[in-house]
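Listed in Swiss-Prot:
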REGION    1-23  region 'Hydrophobic'
DOMAIN    29-88  domain '4Fe-4S'
BINDING   Cys46, Cys49, Cys54, Cys71  [4Fe-4S] cluster 1 binding site
DOMAIN    104-133  domain '4Fe-4S ferredoxin-type 1'
BINDING   Cys113, Cys116, Cys119, Cys153  [4Fe-4S] cluster 2 binding site
BINDING   Cys123, Cys143, Cys146, Cys149  [4Fe-4S] cluster 3 binding site
DOMAIN    134-163  domain '4Fe-4S ferredoxin-type 2'
Amino acid sequence: MFTAIWVMVGLAIAIGLILGWSAIRFKVEGNPLAEKIDAILPQTQCGQCGFPGCRPYAEAIAKGEADINQCPPGGEEGVKKLAELLGVEPKPLDEAHGTPKPKSVAFIDEQTCIGCTLCIQACPVDAISGAAKQMHTIIADECTGCELCLAPCPVDCISMVPIAEDLPHWKWKHPVVMMKQVGESTRV
């Protein structure tokens, strides 16, 4: 009996070592530039740029197949960050892909919702919870404001509500300078 256990343990260790070696040996390297570009994009997965999501758009920019000014949710600020990363001149946002809008989240009127689940299927980030024939709810922290859930709704119970700029959603608009850096630069 102990022989069978030791054989199984030995096989498990051998297979584990082979799999570990294979993972290191045949590791697929991603494009580091595409990963940096993807980190700058807003991750709304809205498709307004003409690509199915932010990652494919980042890969197309890295390959030179797409321009840096096709992301309306990223706005002019996103275009400037991409231009800085790639070392090119910033361009105005391409209006053919849409215009920047204030940040907003979807809101479902639960009294009108019929529970058809079409909005759940359309949401690229799974920000809608609910079941068939029951009312649905938006998970506001997950919603990216892509508006892809609006069109499939047969009863138009979904609306976009701007995010209030209160304390939890407030963002400092100016560059952050660390006090330690300021103190070091003023020393003689």
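Cβ from N, Cα, C; glycine included.
Note that the structure is a prediction, hence the values are computed from the model and not measured.
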Using DSSP, what is the helix/strand/coil residue split across the domain '4Fe-4S' (29-88)?
31 helix, 0 strand, 29 coil
Looking only at C-alpha atoms, tell me how far Cys149 ([4Fe-4S] cluster 3 binding site) is from Cys49 ([4Fe-4S] cluster 1 binding site), rounded to the nearest Å.
17
Hey, which bits of the same chain come close to the domain '4Fe-4S ferredoxin-type 1' (104-133), Cβ under 8 Å, at least six residues off its ends?
45-47, 53, 139-140, 142-163
So what's near the domain '4Fe-4S ferredoxin-type 2' (134-163) in sequence-distant terms, Cβ-Cβ under 8 Å and 6+ beyond its ends?
42-48, 73, 101-110, 112-128, 169
State the count of C-beta atoms found within 10 angstroms of the C-beta of Cys113 ([4Fe-4S] cluster 2 binding site), not counting that atom itself.
18
Argmin Cα dist to Cys46 ([4Fe-4S] cluster 1 binding site) over the binding-site residues Cys113, Cys123, Cys143, Cys153 returns Cys123
If you count Cβ atoms within 10 Å of each one, which of the binding-site residues Cys49, Cys123, Cys153 comes out on top?
Cys49
Measuring CB to CB from Cys116 ([4Fe-4S] cluster 2 binding site), give everything in the same chain under 8 Å that is also at least six residues away in sequence.
Ala132, Cys153, Pro154
Mean pLDDT for the domain '4Fe-4S ferredoxin-type 2' (134-163), rounded to an integer?
91
I'd like the per-state residue tally for the domain '4Fe-4S ferredoxin-type 1' (104-133) from DSSP, helix first, then strand, then coil.
5 helix, 7 strand, 18 coil
Would you count the other CB atoms within 10 A of the CB of Cys54 ([4Fe-4S] cluster 1 binding site), including those on all shown protein chains?
25
